[in-house]
Amino acid sequence: MLKDDDDGETKQKQTEQQQKKELLERVAENGTAKRQKEQSKSGTFCGRFRYFILLLSWLCLTSISSNMLALNFTLICMGSPSTNGTDRSGAEQQSVAYTPQQKNQLMWAVAVGSMLGTFPFSWLYTHFGARFVLFGAGFASAIATALIPIATSFSFNLFLALRFVQGISYAADFAAMGMICSRWASLKQNALFISVLTCYSPLSTTITNPISGMICESRFGWPMVYYVHALACALLFLLWLFFYNDHPRTNRFVSDIEVEKIHRGKSRAHIEMDKFVPYKQILRSRLIWVVWLNAFADLFSGVFLLMYIPSYLNYVLHYGIEKTGFLGALPSLSHIPLKFLFGYCSDQFKCLPERTKLILFNTIAVGVPAIAYLAIGFVPVDRPMWTVLIFTAILMLLSTAGGGFYKCGTLCSRQYSHFVVANIQFVKSLTLFVGPALLWLFVEDETDRDQWRKVFILLAVMLIVANALFAMVATDQPAPFTQISETDKEKAKLATEKGEETQNVMVME
């Protein structure tokens with residue numbers, strides 16, 4: 001009898017569990033159907049909404065960078081009063097002039113702000129996501145940019161403070177790249193996303209300079225440059241706030257099929273991305289330090305080149321000012337389309353193992369430019385165009401970095417890639433200090449080709465060492481620290497505490 005009663009209770013429990021399971025399945029089906037219905041009304045972008053997010057993110061990052069770069073061009077306009085201005089106050093604003101020391105301070109204010117903002121933004125992205133944090137950075141940049149024309153009339157210190165705010169906002173860019181790639185890029189499209197997003201810097205230069213030039217020459221004068229940039233920035237970030245969220249599966253514009261594509265191959269910890277970041281374990285990773293070293297070598301060599309190409313062309317190769325400006329623009333123009341191309345190729349080439357592709361693309365981006373830098377110092381003096389072509393080739397080669405250390409960093413750090421990529425922003429800010437210091441140490445006479453050669457050799461050695469280390473440790477597999485989550489940490493803590501309690505009881509007994 002007791003056995004029959006037990007069997008009856010067991011069957012009843014099984015029936016109840018089965019009914020609950022069926023009920024949950026029906027609720028899930030209804031929820032999915034409702035969600036698909038809502039998506040069909042609002043539009044799913046044909047399952048390609050992630051590309052729209054990629055484009056919008058790229059433009060938002062570009063806008064913050066453009067706000068910062070607007071000063072580089074308007075400093076030229078500020079020094080000479082415009083004859084086109086019809087407004088008296090406008091004419092007064094257009095004749096603001098600064099000493100070389102003050103101009104350097106305005107540049108360094110951005111670099112300091114960017115360096116100081118890197119780690120706080122990494123923490124903010126971890127705890128609050130990218131939607132509101134990047135929106136706040138964008139609007140802070142827009143407000144600071146809009147206030148610059150007013151600041152020039154009141155106080156240079158206020159101008160410096162606004163530039164500092166622009167620098168802090170600029171620090172949000174790189175950490176946002178890591179967050180966007182981790183949330184919205186599939187594992188098979190990491191290189192494409194990274195390549196596109198890292199193009200924000202050359203794109204901002206390409207957009208800002210011609211627009212600023214046209215506005216400066218108009219009747220509105222240089223103050224309008226800042227107002228236009230601020231307005232464009234504000235509009236872009238309003239679009240960001242409307243369309244973006246940190247979880248594709250909860251976005252009304254994303255279909256279930258697209259969610260599956262984005263999440264395919266990712267671990268549960270990668271998808272959920274809790275607020276915990278294993279900083280200690282990341283900083284102990286040899287691979288991460290090698291990624292950062294390659295980032296420094298790549299960015300430093302590229303930034304140094306962009307900063308000092310005009311000086312080398314003019315002082316060493318003796319090109320005229322007008323021709324120097326034209327030739328100096330050639331390397332940058334070739335950079336953007338090639339970044340897109342190489343990012344796509346890195347994801348789509350299936351004939352090579354992923355690790356081999358990482359080493360190949362990194363060698364092209366970091367290793368081969370070392371040879372080019374060595375060649376610059378030994379080009380015959382009567383062949384100046386060869387040097388221009390080598391400069392262009394170096395920046396073309398650097399465009400493959402999205403398939404090298406950038407991709408390796410995001411693949412191995414997975415859900416914590418925002419922290420890894422954010423520190424590349426710190427590295428980039430550091431190059432703004434190291435470049436002038438290197439020139440101060442080795443180049444006393446800017447017309448002396450031999451002194452420049454020492455700098456190029458030093459850059460080449462740094463690139464060779466960085467690439468060699470990368471080839472030894474590169475991998476596409478997730479690092480051990482990606483398996484650590486906040487839940488795992490709590491479980492380990494509880495287990496340790498229980499073990500200590502048990503040990504204490506045994507001792508007392």
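Along the chain as shown, the residues are counted starting at 1.
Just so it is clear, glycine is given a Cβ too, placed from its N, Cα and C backbone atoms.
What TrEMBL records for this protein:
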COMPBIAS  1-28  compositional bias 'Basic and acidic residues'
DOMAIN    58-478  domain 'Major facilitator superfamily (MFS) profile'
REGION    1-36  region 'Disordered'
TRANSMEM  51-76  transmembrane segment
TRANSMEM  106-125  transmembrane segment
TRANSMEM  132-152  transmembrane segment
TRANSMEM  158-180  transmembrane segment
TRANSMEM  192-212  transmembrane segment
TRANSMEM  224-243  transmembrane segment
TRANSMEM  287-309  transmembrane segment
TRANSMEM  329-346  transmembrane segment
TRANSMEM  358-379  transmembrane segment
TRANSMEM  385-406  transmembrane segment
TRANSMEM  418-443  transmembrane segment
TRANSMEM  455-474  transmembrane segment
(message) Using a Cβ cut-off under 8 Å, which residues of the same chain at least 6 positions beyond either end of the transmembrane segment (192-212) come close to it?
(response) 54, 57-58, 61-63, 65-66, 68-70, 72-74, 77, 173, 177, 180-181, 184-185, 222, 225, 228-229, 332-333, 335-336, 339-340, 342-344, 346-347, 399, 401-403, 406-407, 410
(message) Can you tell me which recorded stretch out of 132-152, 158-180, 287-309, 358-379 has the most Cβ pairs within less than 8 Å of the transmembrane segment (51-76)?
(response) 158-180
(request) Could you pull out which residues elsewhere in the chain have a CB under 8 Å from any CB of the transmembrane segment (158-180), counting only those six or more residues past its ends? (result) 53-54, 57, 61, 64-65, 67-68, 71, 105-106, 109-118, 120-122, 125, 129-130, 133-134, 137-138, 140-141, 143-145, 147-148, 151-152, 193-194, 197-198, 200, 246, 410, 417-422, 424-425, 428-429
(message) Cβ under 8 Å, sequence separation of at least 6 from the ends of the transmembrane segment (132-152): give me the contacting residues as numbers and ranges.
(response) 60, 63-64, 67-68, 70-71, 78, 93, 96, 121, 124-125, 158-159, 161-163, 165-166, 168-172, 176, 222-223, 226-227, 229-231, 233-234, 236-237, 240-241
(request) Determine which residues of the chain contact the transmembrane segment (455-474) at the Cβ level, with the cut-off under 8 Å and only residues 6 or more beyond its ends counted. (result) 286-287, 290-291, 293-294, 296-298, 300-301, 304, 355, 358-359, 362-363, 366-367, 369-371, 373-374, 376-377, 404-405, 408, 438-439, 442-443
